[in-house]
Each structure stands twice: as C-alpha cells, then as structure tokens.
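To start, the structure under review is shown below, and the notes come after it.
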C-alpha cells in the first residue's frame, strides 16, 4: 500500500471520546433522532475527516452516489480535515467525484495534507475553498516494500507510476505544468490558505458564508 509520510505522525488524532452528537427533529409524524453527520447528509454535506483509508473511502463514495441519485443537479459539499492516507482509497474517492453528475464543492477545515490536498484540489472548478487558518501540504507518495530484489523492482516501478499519475492530475486541476508539480512536490510543501489559493489548489479563502 502506498501512503504518505505525514499521516504516520498524525494517525493518533481521534474525535474526543468517540462521541457523535445527536440531533432530534420534530414533525407531524413525531420525533426522529439523527447523528449529526446523517443530518448534514440531508443537506448534501459530507465530511472527510481523519486518515484516508478503505473503509472511510467506501462510505464517502456511497454517500456521493446516494446524493447523486437524490438530485443529480444539486451541488454536493465535501468538507476535508485530513492528514492524508492510502493512495488507492483516495483515488476511489477522486474517481467517484469525477464520475457523478453533481458538482462537488470542496472546503478545507483544519488541514488537507497529501491525499487530502489532492482531493481538495479535485473539487469543481470555482468551488474549492479553504477557511482562513487551514493548512495545505502537497508531496510525493511514500511506499515501502521488503522482499526479493525482483519484487522490490516491481513495486518501485509501481510507485513511480503512481507519482506520475498523481502529479499529472494535480497539474490538470491546478493549472501548473507537470514539471512544476514534480518540482514542488519533491519534498513536503506546506502552504497557508492564501498560498494554496495563489498556487491554484483552491479558488478562494472564505471566512464567512455569503450573505
């Protein structure tokens, strides 16, 4: 599995106590309780929080497909606070974002690093945002493998292919050349919200909802 190096230092971030707030709605039919994320899903809001891994990616893909079926013409809002994670899991989210009909607006809250930054940049053009104190970090993928020399060679070729593919897609979404992306992702490259906007990873920094 190919991952990013930053997540290894930040994988212990967990929701406080693992508690999820509940929201109670009242209607003519009575009361119904939702966890906060399910309630926000009704408003077409999806949260990508924590390390990107297969289980989380499957849930996000399912939510994207569900919201497309609900209304294929209304935007979906993806909020990202992630140190990054699995490349293959992240690419499943990316492909689903591009596959569905609704525009997916992305917003960074907190941090969007590595695969998190890649998914932030993959939002619909003109609809990619950061909150003012967000941090964005781009870099090349990290992979490790042990085994026979021939197997190591196979995996080395694979990670080079993945790096080129990620760089090509980031160049497409950011407006940079492939050479510029290769240079700027050679090492961990941290950016403020304003720097991410100037670089083309997002379209605007927002501090309040539009009136």
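Glycine is no exception: its Cβ is also placed from the backbone N, Cα and C atoms.
The number of other CB atoms found within 10 A of the CB of residue 114 (active site, nucleophile), across every protein chain shown, is 31. The secondary structure of residue 114 (active site, nucleophile), as reduced to three states from DSSP, is coil rather than helix or strand. Taken from Swiss-Prot, the feature active site, nucleophile covers 114.
The active site feature in Swiss-Prot is assigned to 139. DSSP gives residue 139 (active site) a coil state; it is part of no helix or strand.
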If one measures from the C-alpha of residue 139 (active site) to the C-alpha of residue 114 (active site, nucleophile), what distance in angstrom results, rounded to a whole number? 6
